[in-house]
Every structure is written in structure tokens, then in C-alpha cells.
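As C-alpha cells, the structure follows; a few thoughts come after it.
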Protein chains: 4
Amino acid sequence: MIPTPLTGVVPPVCTPLTPDREVDVPSLRRLIDHLMEGGVHGLFVLGSTSEVAYLTDRQRRLVVDTAVRHAAGRLPVLAGVIDMTTPRVLDHVHEVTEAGADAVVATAPFYARTHPAEIAHHYRLIATACPVPVIAYDLPSGVHTKLPAEVVLDLAAEGVLTGLKDSSGDLAGFREVVMGVRNRPDLKGFSVLTGSELIVDAALAVGADGAVPGLANVDPAGYVRLDRLYRSGDRESARAEQERLCALFGMVTVGDPERMGGSSSALGAFKAALHLRGVIDCPATAEPQVPLSPEEVERVGKFLAGAGLL
Amino acid sequence: MIPTPLTGVVPPVCTPLTPDREVDVPSLRRLIDHLMEGGVHGLFVLGSTSEVAYLTDRQRRLVVDTAVRHAAGRLPVLAGVIDMTTPRVLDHVHEVTEAGADAVVATAPFYARTHPAEIAHHYRLIATACPVPVIAYDLPSGVHTKLPAEVVLDLAAEGVLTGLKDSSGDLAGFREVVMGVRNRPDLKGFSVLTGSELIVDAALAVGADGAVPGLANVDPAGYVRLDRLYRSGDRESARAEQERLCALFGMVTVGDPERMGGSSSALGAFKAALHLRGVIDCPATAEPQVPLSPEEVERVGKFLAGAGLL
Amino acid sequence: MIPTPLTGVVPPVCTPLTPDREVDVPSLRRLIDHLMEGGVHGLFVLGSTSEVAYLTDRQRRLVVDTAVRHAAGRLPVLAGVIDMTTPRVLDHVHEVTEAGADAVVATAPFYARTHPAEIAHHYRLIATACPVPVIAYDLPSGVHTKLPAEVVLDLAAEGVLTGLKDSSGDLAGFREVVMGVRNRPDLKGFSVLTGSELIVDAALAVGADGAVPGLANVDPAGYVRLDRLYRSGDRESARAEQERLCALFGMVTVGDPERMGGSSSALGAFKAALHLRGVIDCPATAEPQVPLSPEEVERVGKFLAGAGLL
Amino acid sequence: MIPTPLTGVVPPVCTPLTPDREVDVPSLRRLIDHLMEGGVHGLFVLGSTSEVAYLTDRQRRLVVDTAVRHAAGRLPVLAGVIDMTTPRVLDHVHEVTEAGADAVVATAPFYARTHPAEIAHHYRLIATACPVPVIAYDLPSGVHTKLPAEVVLDLAAEGVLTGLKDSSGDLAGFREVVMGVRNRPDLKGFSVLTGSELIVDAALAVGADGAVPGLANVDPAGYVRLDRLYRSGDRESARAEQERLCALFGMVTVGDPERMGGSSSALGAFKAALHLRGVIDCPATAEPQVPLSPEEVERVGKFLAGAGLL
């Protein structure tokens, strides 16, 4: 159901909300249309950029149902199963696969203290219970441990994992996985995806299969262009495109750090941009995130204008 | 429904599991009896020691239902509502209060990046939705932020929080809350509870109202004795009792750090001890935790024997 | 030359500077007089509160020379030998012992990545080269590792360490050392000192031999009183004295966190207080610390007044 | 005296030691010859790979004297001035510039708590006192703060900094500096150097001027080849060369993590490799690092053989 390896641009899809913080299904459908028109190669719902941490179980189910139905087989739909430990993750696995997700994306355990042996056991249990491929999600900023490259490679060799989404920002560790996959014929088809939207070109240069950039919500065509330019061998144009996107990414800092955290600022900016671009109806982020002020939204608009998107 | 302030020993109740990792209701009832026979002053279900991070929503509901029914009003039942952010926490609030919990215990948001202003907003939203008192749970080892004393005190003054369970290990910060409560007459009745089982005597000496010690599952009578000795003015005997409990606590290190993490070792030891003492039927911990080996369990037995509990 | 164990109040002596950031020797002598008049039981020069990290080797030597001569055997003088690794620490050991220090105080290696086995080797090498007792200094906020209790106890049993200054804030770990010393007859005379100025009473209650509180520069008599009250058995009065000192300690937050770090604020406040009390000539802190504004100094004055010190 | 920008490969030069841990001057000269024969573009002495944290002031001076005399103007010599805070750093600046270093390399303050405003002040004071260019060294693993890109760029614009050595591993942050330099004409000539030896090709692709790879001690010709291949436009061959070097870098893990820390293992491996290659006389690392076992050294040999270096 998903390519082996999965390549190209697979955005972590924002979850549009109504003013009273319900999932805005029509806006979500329009966002998916917007992404597909941009040429993306897959959809990743219920990731961190999707505010998965803020969505209730009912809302999560509605998101994945909506995405699977709306994608209608035109694109693979990956779904996050983000929760603290294995038993809770397995409940999410049940929900998202019942809804028709083509793959699940799972972090290591968090909140609970954990250990590499327990992380491996966690993924083995998930894979045993899960009817679709399992992709590991390395997000040290949320999970507070780093997935060791050798754990990933060993689990790949066992057939437990079929891919990695690496949002650690550690390109040297990412390369260790890429090289490990290349050097082991039994790992053929394993997908190595970067979640670092500012170095997609560099990740491709070290051998990434694809990217999962949050900013691709705002400018999917830009990331698709970057991917195509790189694959066509025009690395300098790919770099120029990446740098345009880096400048656009500056929007994540519009929020006043005295008043809000980085999530409110970054996700608030993505949603404000989608609202300004006419894709979604309401820029609200989930509670307890703090909304951007009108002036902050105005600055988002300037970033869009600077990138030629408004 | 709960005393203001709540004082004494309020153990975070372990969740006995069957060999196939279902909640073992008869064992949970026996554990509650064991704690009540030990003289404890309240029950805290669905805390970290309860393996809340590992329990599915269904299991959580079963635990709180069982505890409320079995306590039957003889003791206040506090219930953890541990999840990543406000909307998810609110779902747990609904469940545990429907089940009859007398108070809820909530951490700051985790996994998502957060900010003191967002933490305050989080607790305000919980308090607005929650029909019973809200107690803040400071657990930097799991949540990866420290609840600032002034945030706690301000929320107490607003009537949002009615207590704090401090498992940070930072007695100076704990004292700041204690002194803040004492100095502000409008905070009268606010409960300041320590979750640090090795320094309950010291916490009482700086002004704690009570303690929430995981080890009290194993030796509730010991912690109750410590509390009574301290309150009776016999501080040297309280210290001796605390030191006996510190030696007993050594059991949390029986697990081989090459094979398992700290949670597997500590919770595994508590459950092994409860099994050895005949309180629960099965010492299993939830997945993906690693079980203790027979040799490691034997060492738990020696700790029990050393403390006169076997 | 130093008592075994060392007990009572041993302030980490501030290093008064001239406006052009030279060691102000007359002010340092007056500060030592002020501490001795307050009744302290020893002097710890070249600790973190002494701005040891900011003093050149020449300045460090001048400080320890001045302190040893001025103390003139009336009080033991401990000297910090704070540097990144063993060879550099050994150079400091040579200097401070040549100057006549009665004991040296050394952290684990920092900046370089280290390991418990290397930490133990580090202390063994120091002890071999050092003609006076060696005290370990546990300061995770500066060193970024925590000294494990068992490493400390093992080195104590080997005769490598004769004491511990614990500034970790972790009273449970502190207690583990205290209990370890008490349970091993061969460790008799080992000094367990707390560096946490807000919980000296609690540290004494768990068995500390003494305290090394930075705030004792400002109010040595207060800490001496606290120590005496505790030892006389009047714990409630000791607690009241501690709480008065906790309120006074609030001065460390006067500095605007937008403009300066915690060190500039805390050390700036201590020195401003000593200047306001007439003990030292100039409140300057070393570069690149940021000076307090006149308004911030005024707030320090209010803390002094509130504590009855002005 | 140094090119603006400095480009190419500038190895952080290992400091060969005798069996009794004195600087082995003849071996240091041979190592410099080895590096120059490899084609490197500059020498960086007294960096972390040089064990600067372990060298006494006397040893540091001997190293920089030796390097400057032996390089004899054929290559620029950069010298680390690594110490906790400004006054101590200034003493090192005096020493290394008196010895003839062409530039100094300085970290932010460490051990002491610090603040971005204090970091900026630190660099301004250094630049004022220093007769040669100042390069900032971003090493969060040692210093425990990250140099913010905007602080670096602002100090560059002020003329305080003339370059950055970034050993943070954060390529996105690195790119922010690269793009900032390119976008500001007044920053022309500022050198952006990566210290991450596993992603030199990627750093060049995002716009690095050069690299400071510790592994270049072992295989200077390899890194020079990588640099030339990249600049000639043959990026695939540059990547292949980088991947060969990544495999060689595996040597840093030969040390048993039960027995030693990462520094003992990595620096021990580099020195063992230099010894096996006949460049230096003795593979000893400074105290308190733990030496590699004969078996571990044998594994270093296998890495060399695998890379065609033995």
C-alpha cells in the first residue's frame, strides 16, 4: 500500500480547527486538496504538526477517517499513533488502521522512563499487532530520548520497522541510518525520511528517501519543486529553493516568547498562513496554546509575501 | 470531599495486572485493603507508580471504578488525569469524575513544547471543567518542565488549584510553595504534598501537609508510623523510621541496568514485593517494561526481610 | 588541620573586586572579619560564590594568600581548585597548598566528556598529589554530571576523599551519603556538607555535618544561629531562622532576566548587600557578568531591611 | 594573516603526549608534517580534540609555540583559548598571541551560568584585547549552551567575530549563519566552519567555507580530497569520500562504555591510529582518561585497514 521505499514529500498535515476547537472537516479536505495540488507524495496525519498531542481520541479518529476517505487511494495516508507507551499506542493502531491508514508512525515511549531494550520491545509489540507497516518517529524534543541508529537498523532487519521519520535535527545520526540501510541488502525498501524542514536538500544529498516537512502545509509546491530539482540533478536550484523555504520558515518565530511557547508560535504561524492563503477557515490552534496577536499574524503575511505566496 | 488541606499518607496505588496484562481487580481490592489496614489517609490511583502511562483508557476507568467502589467513602480517592495536553486531560477528567473520584491530579502539558503562560491556561481550563478539586502534579522527570512555585501559588490564589503533589526532588522549591501558602491567608487549606519517598521526614519538617510515597504500597504502615511519629513531636524516631524505609527503597535498583530501565526495575520491585507479601496475585508490569529475573526477585525478598516485612 | 568531621557554617567567601576588577584585598580582609564576627566555623575561598570561574590564576593565588594570612590559623581555610580536568586541577592544588590552604575542594571534570570511572581516577590522582585533605564538590548546575553517592562513599573508604560539599539540591542523594557514612565505621570523620542555603535545617535533620551557604556572606550570624538552634534541639526556632534566611535569599532574583543571567543577579545581589552593609568597598562582579541597575540594588536594600540587616 | 574567509580543511591538531603525559614535541612536529603533507589549509591547536581541557597552561604554551615555529608561516595557526570566563580566556589570549597564533578560537563562558547578553559581552571584551581575529567556537556538548545564530551574526557585523567553528551538529542552525552571512554584505569574509566530521559534504553543500574535523588527524588527505572533490563539482565522489571517512570514524566507539567515557574512546582511538600509522611515538591520552586495551587498539587497526590506511 505504501511504496518501498516511500519517497518525495509527505507533509505532516495540519489539523484545521473551528473557533470552538472542533476538527474543521471541510477545511481539512481543502487542505488535503491544496497539498495534492502541490504535488505531494503522501499524507502524514496525526503527527506533531497535526497537533496530535492536543487532539482527543474522537478527534483523532475523525481526522484519519476524513483523510483516508478524501485521499481515496490517490495517495498513501500515514497516521501517527502517538501515546506514552505500548498498550495505549496499540489502541491508536487499532483506530487508525480500522479507518484505513496505510502505515502507522510511532515514537518511542515517553513520560515513562525507558531503555533501548524496552524501546525495541515496544516496536516489536506494535508490529505484531499492526496490519500495516510501522514507521519509527524520532523526535527527541518531544520524547526526550534519541532513537539509536543501531536500534532502528536492527528492528528494520527484523522486519519490525519499514521506515524512519527523523525529526532529531542530527544529520550525522541520520546518515548512519542511511548508510546502514544501503550496506545491508536485507534492508532494501526501508524508507529514511527527514522531518527537518530546513535541511531537506542536505538530507537528500546524504541519501534520504524523502521529507516530512511541517512547512509543506504552507508551501507544498515549494517542497515538491525542491525534491524534483534535487532528483533531476540540479542541486544548486534545489538549494536556492530550500533557502527560499528557510526564509519562509522564519514565520515560526513571530510569536512573542514572553507570551507563548514555540509550539503556539510555529503552529499558529502555519495555520495563520493557511488562513491567509484561503485554504482553511479559521487559524485557531488547540488549547492550551496561545493565539497569535493581529500584529503577529500580519508578520506571517509578510513572510508569505516575501516568498511570493500572497 | 477531601480534607483541606489533605494530610498524612496518600499512596499512589500500584495497578496489579494479570499475567496477560489485564487489570487484576481482586488484587487491586486486596491492595486497597492492605493500604487501609496500614492506616493511610487517602488513595491516589492512576499516578506514575500506578503505571498510568501504560494503562489504556478502558483500564484506567476500571481502576478508578474499582477504587472508588472499594473505598466506598472511607477514604478520599484522588485520580490522575495524565495526558499530553488539555483536551485529552479533559476527557480523563470526565471519566474519573463520572466514576466518583474526589479530586483529580494533573501534570503540565508534555510531549508538546509548552510555556508557563500555557501551563497556567491549561490548569484554568481543567478547573473550569472539573467538578472536583484539581491538584497539580510536578514531575520533571516525566514532563520535562518544572512547575514554577509562583505559577502554583498564583493558581492557588485564583482557586484553580487546591494542592500540589511535588515529585521533583527539589526541597528548596517545595519550601517556596509551603512558605507561600503560609504567608497568604487566602491560600489556607491548600495541600502541599511531597512525592519524594526518601525525604518525607524532611518535607514534613519544612511544612508539608502530607506525602504520596510509591514505596507506601509495600509498607503503608511504615509511612503512617513515620507520619505519626513526626506529628507527635518525636522527630528522631520519625527519622529512624524514614531511614528504615530508605534502606527498603534500595529494592528499586535490583533490576540490571543493562537489561532494563529504571521504571521496570522500580515498579517491578514494588510489585514483586507485594506479590512476595501475598497482597497481589501476579507481579507483572505493563509492556514494554522488562520483567525482573528470579534472582532479582530474590533480592527484593532480601530487602523485605531486612526491613522486617517477610 | 581541619576537624573530622568539619561541622557548622563554612561560607564560600565572596571575592570583593575593585571597580577595575582587581581583587580588593582590604575588602576581602574586612569580609573575613565580618564572617568571623558572625561566628562561622571555617572559610571556603575560591568556590563558585567566590567567582572562582572568573578569577585568573594570579587573582586566585592572591585570594588564598590573603585568606590564609588573615585567618592566621583561627579558622580552617578550604580552597577551591576548580578547573576542567586533573592536570589543570593539580596546578591549582600546588598553588593553594603552597599558600597554606587547609583542604582543597574539587569538582568532577567538566567541559570534557567524562565517566564515573574517570571521575574516581581524577580524585585518586588529586589525593595522591595533595598534601591536605580533599573534599569533593558536587555541582551539577556547573559540571553537568551528578557525583554518584556510591562513588563518593567508595572514595571515602579508600581515603581519597575526606568530605563532600553537595550543591546539587538533591536531598535524597545527600541522605544516601549521610547514611552510607554512618553505616560504615571506616568512614568516621568524613564531612557531609550541604551547599543548599535554603534547606540547611532539613540537611541538618537528615544528618549533615555542616553547611556552605553563599548567603552566609550577607548574614553569617543568621546561619550560625540556625546551626546553633538546631544543635541545641530547638528545631522550630531553627526553622524560623531558616525561613527568615529564605526570605532574604529572595534577593538573588532582583536582576532582570531579560538583561542578565542568574549568576549576575545572585552574585551581584550578594555583593550589593555586602556593599550596602558597609563590608566591602565596591559591589562589582567579574566580567562578563552584567551589573545590577540602581533600582535593582535598591531592591536588594529592601531585602536587607526586611531581614533586619540594614 | 588568515584568509577571509578561511576555507578548506583545518584540523584540530591532536597533542601527542609522552608516556608520563608531557607534550611530546618531536611527535607534534611530525604530526604537523603529516597534516601538511596531507594538504590541509590551516592548523587549529588547543581545541577539544587537542585535549586542551587536559593541558596545563605551561603545556598549552609549549604546544602553540611548537606549532607556530614548525608551521613557520606556511599555514595559518589558530589557537584555542578555552577557559571558563572572560578574564581567564584573556590570559590565554595573551599567551597564544605572544607565541604568534594567527587567530584565537573561544567558546562562550561555561561552568558559570550565563546569558546571551553576557556571551556577547564576553566576545566583545576578547576582541578588544586580542590583536588577532577571534573565531567563536560553538560546542554545546562541552559548554552546555548553544550559540544563537543571531548573536553570532550581530557580533560579526560589529567586527567582533571573524568566524565560527560550529561543532553543535545542528546543520539547520549552521545554515542560518551561512545564509545570514551571505545576505549581509558587511559580513563578507566571515568564515563559517563545521566541526562535524561526518557531514562535511553536507555542510559544504549548504555553504560552509571549510571544516575542522578531528578525524583529519588520522586521514588528512581524505578530508582534503573530499574538499577538493566537492569544490570541483564532483559531489558524488565527495560523498563517497565522506562515507569512507564515516566508516573510518567508527573507530571512536572502540572503547568499552563500561570502562570509559566517550572522550577516552574517541581521542584514544585517534591517537592509537596515529601511533599505528607511525606518526606519533606514544598513544597516551591525558589523565584522567582511561587508556584503550590492546584489543581495543587492535580494533582501531582494523578500521585503518578497512579505510586503506595501514
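Here the Cβ of each residue, glycine as well, is placed from N, Cα and C on the backbone.
Note that this is a predicted model, so its numbers are computed, not measured.
Counted within 10 Å of its Cβ, the other Cβ atoms near D:Val212 (pyruvate binding site) come to 28, all protein chains included. Taken from TrEMBL, the feature pyruvate binding site covers D:Thr49, D:Val212.
Residues or ranges marked as active site, proton donor/acceptor in TrEMBL: D:Tyr137. Classification of D:Tyr137 (active site, proton donor/acceptor) by DSSP places it within a strand.
The feature active site, schiff-base intermediate with substrate is assigned by TrEMBL to D:Lys165. In the structure as shown, the Cβ atom of D:Lys165 (active site, schiff-base intermediate with substrate) sits within 10 Å of 28 other Cβ atoms.
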CB within-chain contacts under 8 A for D:Tyr137 (active site, proton donor/acceptor), separation at least 6: D:Gly47, D:Gly80, D:Ile82, D:Val105, D:Ala106, D:Thr107, D:Leu164, D:Lys165, D:Ser167
Those residues of the chain, 6+ apart, with a Cβ under 8 Å from that of D:Thr49 (pyruvate binding site): D:Pro11, D:Pro12, D:Val13, D:Cys14, D:Gly214, D:Asn217, D:Leu267, D:Phe270
DSSP three-state assignment (helix, strand or coil) for D:Lys165 (active site, schiff-base intermediate with substrate): strand
